[in-house]
There are 2 protein chains.
Amino acid sequence: MKQQLIQPRVLKGFRDYLPGAMIPREALMQTAREVYRSYGFSPIDTPALEYAEILLGKGGDESDKQVFRFQDQGKRDVAMRFDLTVPFARFTSQHLNDIGTPFKRYHIGTVWRGENPQKGRYREFMQCDFDTIGTAANIADIETLLVIHDLLCAIGFEKFTTRVNNRLVLNGLLEKLDLAEQSVGVLRALDKLQKIGADGVSAELTEKVGLSNDQAQQVLKLVTTEGDTETVMSELSTLLAGNERGELGVHNLHELFRCAARAGIPAERIALDVTIARGLDYYTGTIYETFLGDLPGIGSICSGGRYDNLTGLFSKQALPGVGASLGLDRLLAAMEELKMLPGISTPAPVLVILFDAEKSGEYLRIGRELRAAGISTEVYVDPKGVGKQMKYANRKGFQLAIIAGGDEFAVGNWQVKNLQSGEQQTVPEAELIAHVTSELSSDGGSAG
Amino acid sequence: MKQQLIQPRVLKGFRDYLPGAMIPREALMQTAREVYRSYGFSPIDTPALEYAEILLGKGGDESDKQVFRFQDQGKRDVAMRFDLTVPFARFTSQHLNDIGTPFKRYHIGTVWRGENPQKGRYREFMQCDFDTIGTAANIADIETLLVIHDLLCAIGFEKFTTRVNNRLVLNGLLEKLDLAEQSVGVLRALDKLQKIGADGVSAELTEKVGLSNDQAQQVLKLVTTEGDTETVMSELSTLLAGNERGELGVHNLHELFRCAARAGIPAERIALDVTIARGLDYYTGTIYETFLGDLPGIGSICSGGRYDNLTGLFSKQALPGVGASLGLDRLLAAMEELKMLPGISTPAPVLVILFDAEKSGEYLRIGRELRAAGISTEVYVDPKGVGKQMKYANRKGFQLAIIAGGDEFAVGNWQVKNLQSGEQQTVPEAELIAHVTSELSSDGGSAG
């Protein structure tokens, strides 16, 4: 009885990762883990499925249609997590006694959104967040900047800038000008600065938001002041003099630039940008956006900020924090465009050719010896012709092929073929590891 | 207007991973990745959600109740993956032209099952599989054994045994004895060998399954032959002489033991065990089960085998393969019981005390310098008293605390406190990295 075949396919908005895509993806996640860990951020994980109420809030229907939500076997109203922030808030409220504060965590995990897939947008994607919670101290904000910096360097970027702002500055000015109630309208107008220019924004501020000319000019001055960081900072000090909130914002920015310099961050990689606002309702202090020097157009690839209250939905105790998130997919797209990806589909640089299947034990043995020396090595496992095996090696992107047959085994030699140059050398087995190591390093390839 | 608070909780059968649990979990996954990669296995990933038809087969309802299955926004019948094998079969059928054969992949991913949670069983758990597909060659089977061996060594085990069998041996004998039709009954009876003894099995074989006395004795001889591998193997050869299938099984086992020895696997870590059968319908050749010498009772922690046809649901082309799966949760439980887990909740061994918040830049700077030397270092970010910071350091499991205040900064010194011994030393900054490195290595702790 023949079963009818099922057509293999994935759901709309979902995708498979083949080795060529997964190898750099996994490398990027590992780099993020290593940098986060090097700063003492600890990994956590939370379930993919939660009570819908937890993820969406009581009666929060607005985003329902973007969430995979269903009744489980026990008739519970459940949903798949759509970000890592809400689960983190729930986690923190639930385990606060165990984890204590300050608490530094990173979380690399898959999230799901039912939104309509567009170019470069998927219904399943990975988030890569780190946060320090339970402290309002500015040193946590400064460290966040250092983490972003060291993360991008570790990934392999040299030209990038993290733009920094502090929401207290604009909020302070609005407070000082008695415009706290109009902040949403003001922010909306300021957001159009690039598009409609200072005059356009000024008109909108006075005509739509209802600011006086003087108020509009002061607000505009805040976001259009030009010059080096010191100049802008001193201008901000003047504008905000007398407003406690605004002065704290300027002080914190000032300290951030000073400490980052002291900690060794090159000045050109941080820029004060009083125009960035991000997440109007959520962020309350420092804000970060990071742009690549060679591809600014793709937008911020690492963003975040300080918030006053992570756990409002779950707990009366306000828990402040600061953190950022690496845009994994955007970054991979950028790295591909900048030709920073290796374009290989093997994690091993060395292939041992299965020349004589009778000698399997020898090939398996040399593979283990190379691995013991830290050199990832695949042994070809199918008794095909050498030509086919070489084709396999080239297609996958191996750097070296190692071959031995009867003649070589008789005298204890291996042939080592460099697959880029095509050069082949006879190497006594006792010198094989040293030879392979040197070939791999001169190829600029990784040995592991 | 105050929103009503939501009680933070997870769904039944789901769990959070706090740092103390997640750190060893992540380390284990990373070790698995490194070993798989060192053998040339490439990472892949597939969606968590698939068409229910893909995961369950057409009309396959039997396991429905164990699967999280629902209608998505587009009225599609979808389900969350319950293992990584079915998605791999779908993936392979869909991308065979791109990936080519032989294809070696690993896949570490979360799967979900709606079954009733019991002790140690969850509705969400991680699988950690590796497979070589597209070849029937025995060298792939032998390599699978090497990977299992090197993986367990890399995790830190010394006493373990992989029990190996080959389904062709028993199948060949049944064929030779004209019992191919009765194989399910025979396997069921043999499975009770431990429980009811050879006489009990013999009775069941003759009375229930309908074997003659002679047939029953031959079958029993196969699974009760004792002695060293060579003795058993030669007994098997005699029993199976003349049956092609059985002879191939014996040949492949023989080659496996010979090549594994040649490749350097200690003899005591592999054992021939003709009684293991695993996955009656799925496995067709070599079978692996791995037991810990110090905790055999927890069952096999790495199992797998050879199968003839991965992709039968999706493709007419039979695709053979061989692979195994690391039982992550079982292994972590074993490591906890064997006290192999570090019991820390920080990935960094060094804590820089925030002694004087005015000097934040100095603490952040020294943190970056230690990290640049490969030493993971947390800078405490909240201006609390030194006592509280030391308590934090001890609770999390830091190994060293580094402290400096006005006196030290004046002369360029740091105080380094070993948190295990309580010893504190004054170290000039120029010698700090060397000193910390040496303290960490003498503590037996990891520097990264």
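Don't overthink the numbers, they just go from 1 along the chain as shown.
Glycine residues also receive a Cβ, built from the backbone N, Cα and C atoms like all the rest.
Where the annotation comes from TrEMBL, it is an automatic prediction and has not been curated.
Marked as domain 'Aminoacyl-transfer RNA synthetases class-II family profile' by TrEMBL: A:1-347.
Per TrEMBL, L-histidine binding site is recorded for A:D83, A:L84, A:T85, A:R113, A:Q127, A:D131, A:R278, A:Y282, A:Y283. There are 15 other CB atoms within 10 A of the CB of A:D83 (L-histidine binding site), with all protein chains counted.
Annotation note: A:D83 (L-histidine binding site) sits in a coil segment as assigned by DSSP.
Mean per-residue pLDDT, taken over the domain 'Aminoacyl-transfer RNA synthetases class-II family profile' (A:1-347), amounts to 92.
A:Y283 (L-histidine binding site) has a Cβ environment of 22 other Cβ atoms inside 10 Å.
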